[in-house]
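A short worksheet on the structure shown next.
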């Protein structure tokens, strides 16, 4: 029996959250084409044979001067030292530059490269990319081609990860899908629904805070505040006669209901907090895993 923690590291939009969902065969990590959709570290528990792997989905690594993005990157870098194995996720279409930047952080724990999205390319392109990574072979333990859309890739990746975990009793109940709080997951589902319903920069000026939860045997009641930075953005979130907010609520309610396995009553409110993305105290509270 082995058990351990694996930090998933990589550039924004490398497919980290989609990879976690494919390993779980459940939707639990926020997925969006928008940069840095993942704002908090999600811990997802995958049982593989008799072994327990706890994946930590971190914010994407990238360069930015914005306060929020700096804190996201700090969170990702910190997780490098708080795990047993690092899984570096890279798209087969990306250059090795991001991996070289990762190596410059001097990771002290073993790492594996998951070369993602291989279902979207041909063998010649895959082999070329593998040869590009080969010059770094003294640094990584293995490089594994992966596709989140095909279950056949799952076992090979998990087998490789388990090799580098220590013998240890389970850290969590094997029946759990995630060590992250349900409140945190519900919050991310609402945020994802904002991403899906509003384009361009508006979602980046928005955040979600859960104000109240009440869980009964047949009904989950949630009240949440969508925080945004201007009155004009508030108007866009609400939409004409509340249509946009209703659509966001409907989409989020469906996702939460699927996870909670019960009917959900979701009440959404929109609040303006100017310059919240530059308020370090507010952001640190927001990004705190225990919040």
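Every residue gets a Cβ built from N, Cα and C, even glycine.
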Which of these ranges is annotated region 'G1' in Swiss-Prot: 10-17, 18-25?
-> 10-17
Swiss-Prot tags one of 53-56, 57-60, 61-64 as region 'G3' - which one?
-> 57-60
Pick from 26-30, 31-35, 36-40, 41-45: which range has region 'G2' per Swiss-Prot?
-> 36-40
Feature region 'G4' in Swiss-Prot, mapped to one of the ranges 116-119, 120-123, 124-127 = 116-119
May I ask you to report the DSSP-based helix, strand or coil state of residue 13 (GTP binding site)?
-> coil
According to DSSP, which kind of secondary structure is residue 118 (GTP binding site) found in, if we only use helix, strand and coil?
-> helix
Helix, strand and coil totals (DSSP H, G, I; E, B; other) for the domain 'KH type-2' (186-274) | 45 helix, 30 strand, 14 coil
